[in-house]
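S.K.: Feature list, courtesy of Swiss-Prot:
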type: SIGNAL; residues: 1-21; note: signal peptide
type: DOMAIN; residues: 24-344; note: domain 'MACPF'
type: DOMAIN; residues: 369-398; note: domain 'EGF-like'
type: DISULFID; residues: 370-383; note: disulfide bond
type: DISULFID; residues: 377-391; note: disulfide bond
type: DISULFID; residues: 393-398; note: disulfide bond
């Protein structure tokens with residue numbers, strides 16, 4: 001049996017608008033690592049359906065491994081640190097960056113599909129791709145321990161029997177991949193076992209006070225800080241919370257803040273459940289400090305990092321016939337779901353967007369692209385006279401591209417639409433034929449807005465091809481020897 005290939009996750013740093021870090025206090029952690037402090041480590045969850053910011057993941061995730069012996073497969077390190085700081089989110093992208101960075105989710109997944117549930121939970125769903133938001137969080141954190149799943153166990157420990165049987169039963173070739181029903185089995189697999197496992201848990205106790213508003217309100221960073229401090233402690237306790245960010249809030253600040261409407265969200269995690277119940281409304285310094293100190297004796301998870309299920313499967317099945325299914329799973333999630341390459345047609349039945357195999361896709365390690373219908377005219381009816389010289393593409397089958405800026409990522413997404421309004425979209429296949437404008441040079445070349453190919457994927461495909469070729473030769477040799485023995 002070939003040795004499993006070990007995949008290393010590349011650490012990435014995403015910049016957020018951090019406020020001044022306050023005093024860090026060292027404390028002695030008396031608690032010992034436990035099932036409670038480790039939480040849902042090693043379990044599978046659908047990342048796009050869970051709230052990573054305001055809810056604690058219950059230990060009821062999917063079973064991905066047959067077993068993960070604690071002593072053999074986890075590392076437990078005590079931290080013993082209380083830290084108080086604040087984070088300013090200057091725009092929508094910085095908020096998404098923060099969530100992705102803290103959860104160690106790859107940058108390509110930091111958009112609204114994968115992280116929208118989490119971001120919506122603390123912003124009261126005022127986030128959209130059409131309007132920017134700004135905000136701030138007061139972060140009061142007591143870190144007790146960090147628990148991590150060892151990479152060797154991720155790569156070698158037996159996978160759950162039903163996961164293996166369900167995975168190997170998936171279609172190797174997905175026919176008509178642009179149609180959502182074609183991916184039904186893959187969708188069911190992700191729903192059952194999750195898109196990611198919990199790789200690490202940070203235990204302790206934490207209090208986060210979030211405040212947000214649409215950027216159009218033109219609030220300053222200090223406005224958000226004052227509102228967060230008032231939301232946490234109220235007008236009478238705001239300067240007595242033991243938080244330096246709130247120490248200079250004046251009576252005038254309190255009065256002016258009352259007229260500034262913002263979305264507020266208090267998130268309390270970790271510590272004792274009985275104490276958490278009491279931490280509602282306006283808090284006092286004693287309440288805050290008591291709860292943070294509970295991290296030393298009664299820690300529970302306050303932060304999680306994740307690892308993709310398809311990365312686990314690619315490591316297990318590289319060089320085998322089922323490897324194609326692992327890449328299918330990854331590309332379905334990243335391209336069809338997360339990038340939103342759903343099948344789109346115009347009212348006249350013209351294909352605008354289509355999820356399809358790349359032209360040079362390897363059947364043993366498929367890669368997909370998000371294709372856009374050929375830009376320009378597709379009928380003489382699309383072409384009309386712009387003036388005495390030029391023709392313009394404007395009609396029911398005139399396809400035009402537009403680059404849309406995604407506020408959640410800062411990236412641009414190329415989209416195709418029917419241009420039946422702008423009669424100054426000159427040329428694009430339209431030209432003069434006598435006195436009339438005709439579709440003289442119809443474009444047949446499809447555009448592309450997303451590709452599942454990367455340098456890392458190319459390297460893995462090469463390794464998979466070499467190992468698969470060797471395995472097939474070995475299998476043919478064994479078959480030949482067996483056949484020879486049967487003849488004698």
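From the backbone N, Cα and C atoms, a Cβ is placed for every residue, glycine too.
Just tell me what is around each of these and how deep it sits.
M.R.: A Cβ distance under 8 Å defines the sequence-distant neighbours of the domain 'EGF-like' (369-398), meaning residues of its chain 6+ beyond its ends; these are 335, 339, 341, 346-348, 350-358, 414-416, 418-432, 436-439, 441-453.
All protein chains shown were included, and the count of other CB atoms within 10 Å of the CB of residue 383 (disulfide bond) stands at 27.
When Cβ atoms from all protein chains are considered, those within 10 Å of residue 391 (disulfide bond) total 25, not counting its own. DSSP gives residue 391 (disulfide bond) a strand state.
In the three-state DSSP scheme, residue 398 (disulfide bond) is classed as coil. Sequence-distant neighbours of residue 398 (disulfide bond) (same chain, 6+ residues apart, CB-CB distance under 8 A): 376, 377, 378, 382, 418, 419, 420, 425, 428.
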S.K.: Report the same-chain neighbours of residue 370 (disulfide bond): residues 6+ apart in sequence with Cβ closer than 8 Å to its Cβ, ordered by sequence.
M.R.: 335, 339, 341, 353, 354, 355, 448, 449, 450, 451
S.K.: What Cα-Cα separation, expressed in whole Å, is found between residue 393 (disulfide bond) and residue 383 (disulfide bond)?
M.R.: 5
S.K.: Calculate the distance in Å between the alpha carbons (Cα) of residue 391 (disulfide bond) and residue 383 (disulfide bond), and round it to a whole number.
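M.R.: Their Cα atoms are separated by 6 Å.
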S.K.: Let me know how many other Cβ atoms fall within 10 Å of the Cβ of residue 377 (disulfide bond).
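M.R.: Cβ-Cβ neighbours of residue 377 (disulfide bond) within 10 Å number 31.
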S.K.: Is it possible to get the count of other C-beta atoms within 10 angstroms of the C-beta of residue 393 (disulfide bond)?
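M.R.: So the number of other Cβ atoms within 10 Å of residue 393 (disulfide bond) is 30.
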